[in-house]
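In what follows, a single structure is set out as structure tokens and then discussed.
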Amino acid sequence: MSSVTDEAMRAGQAPRRFGALYVAEHHVRIWRSYLGVNVVSAIGTPLLYLLAFGIGLGVLVGAGTGPGGVDGVDYFVFVAPALIATAAVTIASDEFTYPVMMGFKWNPIYLGMHAAPISPRQVAGGIVLFVSLRAFATCLVYFLVVAAFGAIPLATGVLTVPIATLTALAFGAPLLAYSAAQREDKGQFAVVQRVLVLPLTLFSGTLFPLEQLPVVLQPLGWLSPLWHGSELGRVVAYGADRPAWLVLVHLLTLVVFALVGWLIAVRIVTRRLES
Amino acid sequence: MTIISATGLVKRYGEVAAVDGVSFEVAPGESFGLLGPNGAGKSTTMRMIGAVSTRTSGELRVLGLDPDQHGPEIRSRLGVVPQQDNLDTELRVRENLITYGRYFGLPRRLVASRADELLEFAQLADRASAKVDELSGGMKRRLTIARALINDPRMLLLDEPTTGLDPQARHILWDRLFRLKEQGTTLLLTTHYMDEAEQLCDRLVVVDHGRIMAEGTPASLIREYSTREVLEVRFGSEHNAVAAGRLAGIGDRLEVLPDRVLVYASDGEAALVEVTARGLQPLTSLVRRSSLEDVFLRLTGRSLIE
Amino acid sequence: MTATTERSAPRRGAVTALYAGNARAVVGRGLVATRSSNWVVVISGFVEPIFYLLSLGIGLGAYIGTVTDAGGHEIPYAAYIAPALLAVSAMNGAIYDSTWNVFFKMNFGKLYQGMLATSLGPLDVALGEILLALFRGAVYGVGFQIVMQLLGLNLSWTALLAVPAVVLIAFGFAAIGMGITSYFRTFQQMEWIFIVMLPMFLLSATFFPITVYPEPVQWAVMALPLWHGVELVRGLTTGVIEPVMLVHVLYYLAMVVAGLFFTTRRLRALFLD
């Protein structure tokens, strides 16, 4: 008996350093039951988008724009980096909404973790770590698929994967803060999905350059992490011609969104678990 | 006229027989219990009587009709209280009653006045417009029972009516069910609680592994399968079996459980005197009246609540 | 114990055991439940297709200009995708109502167990849920039609017929969706529904004509239900009425019949076995 107690005491020290890893490990274990469906969709979705946007819409757009294409390249080359970033944002919006409420309320695993020697910051860190992993892995598969079809001309295009992961966090960390503050499900996540995530993916310079929108709507795109992520992706994927200061602005915006979101999320998770 | 008659009732799921040849009859106004451990086949029997499960073989008549042929007619005259509350959490308390009444095709006005009566009966009148999730466990249970009464049923089927409730809530519920019984409603209930069966049932069957082990009133079952009193003695986990070997001959019968030894005797105190006379010093001892728990132990060799 | 009498014939198919003719009670329950639902959620469902219309119609439309439809007519890009989005939103609404919604009520809410303990039969429950889905589909459809009218995207008076067409499309998908859901037991399996819906959404002549693809791909797309819905609605809103539209209607009628057949059979097995 007492040897188990000693072991638990000693193990109790470890979470002070690695708690977030244990939380992430928990999520990975749960996720494994979704692996089959996720692998199919990670490989199938980019193929499908290439089929739809690359060939389908590409034909229509190409007929309209002539050989110059969009932003100086073929339509599907223009769209590919945005598709990778959008995939990351979609994962963030899935994982940082219902599952978060689930962990606090319906199946309160976070409360259980907190009852074990894991701090609220580590709970939040574990969730973020897991989502980053999932986004990174999915975007890597996306990248490989679209690159195989010649949609990524430059070798630096592989950087679209970390850029997309950062975009997921820039969008996802504030969303985690929001979700962790929700105490009751009144359908607000469906509203977030329809009124925030969907317009974000449609109006963020993903399927067409932001300049195509009426001038009054363009500032909305500037606030969107997805626009910054897609534009950064285009710079590395096909050397899109953007001034250096703008590239820096894109990068800084993403980092600031992610950091500020993270700090607020930690505060809210702490309040929720310790009150 | 019987309200339920079952003859050689069988329900098989693949190779497993959940109910394996059960026969019994229930008379109008009677309060009849199916007593047994989890997995004995009680709930399956209830589902067949409630016309939501078809039987594999045997004969079954509920209100004189075959449930496999006349499901809707039978269900329209039954009230069902399932083991787990399945109240409509998207609706409020009174809306739950009204909507449920509409499922029976009852006119709206009739259902509305009946809902108010039943809220009184269930002591929930002041909660009429509360959300279901705001109710306590006992209140939810009473609402489920009120809901089952909305169609003024001839018979109420109650599956483990008080499982999971605290003692006070159980007594309130028993009181309500007792009133229904007094009004002449036929009650059919399953339970694995002895005290509940003793409180509510006029007559019961003890079920195990899908078969009926015994049938009778609670008192007659205790008389037939147990002694008037029971002496419970504990010698410590390691010593019960050894001590039991030296108790042979005391009382009518011995049962050795992992944590204690039961001595069945008409006079428990006298049995205890005999135990100490043999030089045994139990850590604790208790004399009590026999209960259905003892009947079950005798019939199956197992304890009812595991 | 009494000897068991083996039953000679299994009792199946008796319609009286399945249907009490009271589906309206299930519809009534749904309407009462809707009353207490969050209205922001209800309205947000309406803006979804409008976002698509504005984004693609305006943003991409500037590049694309006009599109040649199946009948060889040149129509503006926004007028080309608007009817498709109408059909898609009918599909999405019906699929959501008949899959996630039903899955939850079946496996977590235990709502149907409660309903089936009354004189209602499984067919009452299935019909009631489907009718509710159709009602919602019709409301959303009318809303989107009004937006199309305001943006000048209805090119003919036959656009009025698009609303009943939308209800038919919703009926087809709701019936099939419910049948499929009754076979599913886990969330993971539910995810597959969306994996099947995405290609249908992207490829069924929604955003571009299927003539951009080689012939075998075209045949595959034409086998899918959404393509028939898109073509039907597009014909009505653009005023290109052709005999082939009868095929589209028949396709959906077949979906309705097949869906109801499987749903009822499955509900019976699930709840009355």
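Our numbering is plain: 1 for the first residue shown, then up by one each step along the chain.
Every residue gets a Cβ built from N, Cα and C, even glycine.
Here's what TrEMBL has on this protein:
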DOMAIN    A:37-272  domain 'ABC transmembrane type-2'
TRANSMEM  A:39-63  transmembrane segment
TRANSMEM  A:75-92  transmembrane segment
TRANSMEM  A:127-152  transmembrane segment
TRANSMEM  A:158-179  transmembrane segment
TRANSMEM  A:191-210  transmembrane segment
TRANSMEM  A:244-269  transmembrane segment
Interface present between the transmembrane segment (A:39-63) and the transmembrane segment (A:158-179) (three or more C-beta pairs under 8 A): no
Highest-contact recorded stretch vs the transmembrane segment (A:127-152), from A:39-63, A:75-92, A:191-210, A:244-269, CB pairs under 8 Å: A:75-92
Of A:39-63, A:191-210, A:244-269, whichever stretch has the most CB pairs under 8 A to the transmembrane segment (A:75-92): A:39-63
Distal contacts, the transmembrane segment (A:39-63) - CB-CB under 8 A, six or more residues away: 69-70, 74-76, 79-80, 83-84, 87, 137-138, 141-142, 145-146, 149, 151, 207
